[in-house]
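Beneath this line is the structure, given in structure tokens, with notes to follow.
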Amino acid sequence: MANYIIEGDTGPWELVIGLEVHAQVTSNAKLFSGAATSFGAEPNAQVSLVDAAMPGMLPVVNGECVKQAVRTGLALGAEIHRWSRFDRKNYFYADLPQGYQISQLYHPIVGEGALEVQADEKNPDSAVRSIGIERIHLEQDAGKLIHDQHPTMSYVDLNRSGVALMEIVSKPDMRSPEEAGAYVKKLRSILRYVGSCDGNMEEGSMRADVNVSVRKANAPFGTRCEIKNVNSVRFIQAAIEYEARRQIEVLEGGGAIVQETRLFDPDRGETRSLRSKEDAHDYRYFPDPDLLPIELSDEFLSECRDSLPELPDAKRARYAGLGVSAYNAAVLTAEVETARYFDAALDALARPELANDAANWVVAELFGALNRIGANVEASPVAPAQAASLLRLVADGTLSKTLAKQVAEVMFETGGDPEKIVEERGLRQTSDTGAIEAVIAQVLAANETKVAEYRGGKDKLFGFFVGQTMKAMAGKGNPAVVNELLKKALG
Amino acid sequence: MAGAELTDLTVAGIRDGFRRGDFSAREVAEAFVAAVDGADALNAFLVKTPDHALAAADAADRARSEGAPPPLSGVPIGIKDLFATQGVPTTAGSRILEGFVPPYESSVTARLFAAGAGMLGKLNMDQFAMGSSNETSAYGDVLSPWRRGDGGNAPLTPGGSSGGSAAAVAARLAPGVTGTDTGGSIRQPAAFVGITGLKPTYGRCSRWGIVAFASSLDQAGPMAQDVRDCAILLEAMSGFDPKDSTSLDAPVPAWEASMSGDLRSKRVGIPAEYRMDGMPAEIERLWEQGKAWLRDAGAEIVDVSLPHTKYALPTYYIIAPAEASSNLARYDGVRYGLRVTPGQGGLADMYAETRAAGFGDEVKRRIMIGTYVLSAGFYDAYFRKAQQVRALIARDFEQAWEKCDVLLTPTAPSAAFALGEKSADPIAMYLNDVFTVPSSLAGLPAISVPAGLDGQGLPLGLQVIGRALDEQGVIDAGLAIEERAGFAAKPEKWW
Amino acid sequence: MSVDLAQVKKIATLARIAVSDRQAEALVPELNNILHWVEQLNEVDTEGVAPLEAVVPNRTRLREDAVTDGGIRDAVLANAPAAEHGFFAVPKVIE
């Protein structure tokens, strides 16, 4: 990943990428007003007089949003600024009722941190790189313009106006589209663990401004372009790829890159200039005189710290310590819901030595079944405690792996407890040597020719006898015992 | 009691007379409603709301019969048009808010109404409170009820920006009114018309629902005939408001009950830097007289220095326009007020044309200055510099408080001037606020008390500035002046 | 510092105030008078002086995260020069 280069006519080019991720803060009410933040409401139904910037309306900070930003900063190992302040960013647009966005330019609430990113998270050997976080600041979202409802008018919906956003600004540390994608995925995962953003990119809860430039190896940074408002990992990667190639073409054609804002068009897979709108941008930032500086107390900070969950990297390390394979650990920790399920199953199982069996079961059996029924892990018909019971039945020899599969199938269908299913359906594995020997005798008697071939040296036939025996026992024979007795009988 | 006698009463006089049963609240309200109706020539009111005043009066009369009238029962007041009043047009004196009817009540007016006061109407003012003569109103000049003694009858300014408020009290159209003060907009007009005006500590009165001019400076306050009335009204207007982040979470003292003109053990500072070149001798004399009065009240007079005084006005004329340029960005023709849409124009043209047509020249001038001083490359040289000087100005006051408890200064460098006299020269107009702006920059409470008349028979005021949150000190010193000045002049009715 | 005609026009554009050429020309000396006047501040030594943060000592209060507002669409739209289907309406914006 570190060696990603694009071969141009003049030689290899390196990419330099920085991301500004806008993440909607999970909160009930807006950053500076008591209006609701939920998605999908009727137009202008979640708008207070403050959000509509009525004359004389004033902002008051929502403490939860401050807390969420601090928790996010802590999760990214970032410096928390105990003194921060809001500034006004002044510009006119129909989706910006105040004529300014309240943001934090001079004194953001969170300073430098870092995010460890692995290009291929499921491959434990793939390179890990640390991507610097420049800052995180709180700001208001704008409203929404709708252009397709009227031939000569645009409509303005202010439901989003004033919703809290965290702008998470990376350093220009990424060098490939994949690395940028991995960064966003990892960031999204952490935000969802922390609970500070739901990470729902389709609903616009997370979107990124992507800064891209290209340079020859070891050259200074080139001029960058900013691709605004890209709203999926796939589009981010596609936009970077396109933009880098465009810039290389311009440079190799003897041109120069103009620093500008561009838009990614997912239908055409290309970026285009937005310069028409950008003629006179001068945001005239200054401290918002309607708001006082935010000073964080020790108490507030420890509250934030104490409320942080175990984060993905720590969880992965813990799972690995329990003997879970690197692959499983990566899969289980990627999404907070999965990790939550797995942790609950581990707790119910209360047998750490079975952690990897449990991991295997979740990754292979549970995910497979959920895929088939199209449910996510939170809606799993098999609760974590039930999964633990099943795993215990296997461990104590009540169920063979094959039987366990059958029981699991019933569990997925009915949501029933495995013990009950085993009882009701008589699926208990048998280790009764007398019963098994009787079945073996029948199997050998019915396959005299094959017995002779086996004894004549065709060892491969052993599996056939196991299969026949298990089949005759409807899968309930303890495989180890069956093997042992078969060997003896064929001896 | 006859109507004219009722309208001569102070807020305290009305309150107490009403409680004693000397008259009904209805009688009072009707007298003032009639006075307002008879004073159109002054152009003090932009909107008359007799129904509001009469309904509050009827409620007061009922409350009195039930025995527990709230504190301002029976007192009709005027409201500066900068306060949003629910269901009553609110324009801030600007064309750009023409037709705007707020669906909400400002916190200050809500408090006043909850205390039993009724509203006679909305008072004319300099557009967005930007002005010192009321000449920037989009709805015409307010005429001072005062006239010079030279028989020339030149129309005079009532001062600004709370010009309508000042004229209404001086002409006895309302016993008390609300004003707002950003750099002197309560105190200077109070001085010009011979009434008392009190700007409290920044944060005492909620700014919620007051059309913003300069957020770090704007404060509401009362204007009335005397110091006691200001104390009464300020008690009703003040108090913590969780909807205003800059509101002070401090108890509201019983200023009226604690009022005392006895200044023994008090030290009154005289800031050397307020003695300006070219200050009229009459002002100088009045200031000396003020010192004598306060000494007579028992205070020790001490000389103090506020070295950065001369930089207060330039500081103010960077910070206030900067904040205003941003605060007034919301007037864009999208959600309320005026909209001008040129024929084929798009959104940007709508903004530019709406704002060109809706804002007056002074407002535009300040928005442009404010835009410039915040713009890329100039922020540090202007805005940041001004905030640094502002810190020094605040520090000057802090150091003065080591030597004294309150400061005594003139309120304004002259008596009221004629309409049109200064409107051509913005800086000459700005200089009106030279004595009031420093305390605004430091957020300090200050009062203007009428103290005498100039050679033309026009009122002059003295200002008392106090420590943050020490409204009581300001009120007490103001009262000591009032008791000794015996100011009883009032304009002869010509309107 | 002084502003020239081009800067005055740029400021007017930033402030979204339409000015005619004649108005812009008149504004040049007006604004320069004010700017030169406020530049008196350059006489003040502010080395090491922190800009004023809060006028009167006060502390930020953090609001509770509760939905206490909204659901007042009619009030929000009541003063709109143009409102349709629950939206504010503005001349078409081409993005």
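Cβ coordinates are placed from backbone N, Cα and C, and glycine is handled just like the others.
Nobody curates TrEMBL annotations by hand; they come from automatic prediction.
These come from TrEMBL:
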- B:K80: active site, charge relay system (ACT_SITE)
- B:S161: active site, charge relay system (ACT_SITE)
- B:S185: active site, acyl-ester intermediate (ACT_SITE)
- B:27-474: domain 'Amidase' (DOMAIN)
Among the active-site residues B:K80, B:S161, B:S185, the ones with a Cβ under 8 Å from any Cβ of chain A are none
Cα-Cα, B:S161 (active site, charge relay system) versus B:K80 (active site, charge relay system), nearest Å, comes out at 10
Filtered by Cβ under 8 Å and at least 6 apart in sequence, the residues in the chain of B:S185 (active site, acyl-ester intermediate) near it are B:D126, B:A129, B:S132, B:G160, B:S161, B:S162, B:G179
Taken over the domain 'Amidase' (B:27-474), the predicted model's pLDDT averages 97
Cβ neighbour count (10 Å, all chains) around B:S161 (active site, charge relay system) is 35
Around the Cβ of B:K80 (active site, charge relay system), other Cβ atoms within 10 Å, all chains included, total 33
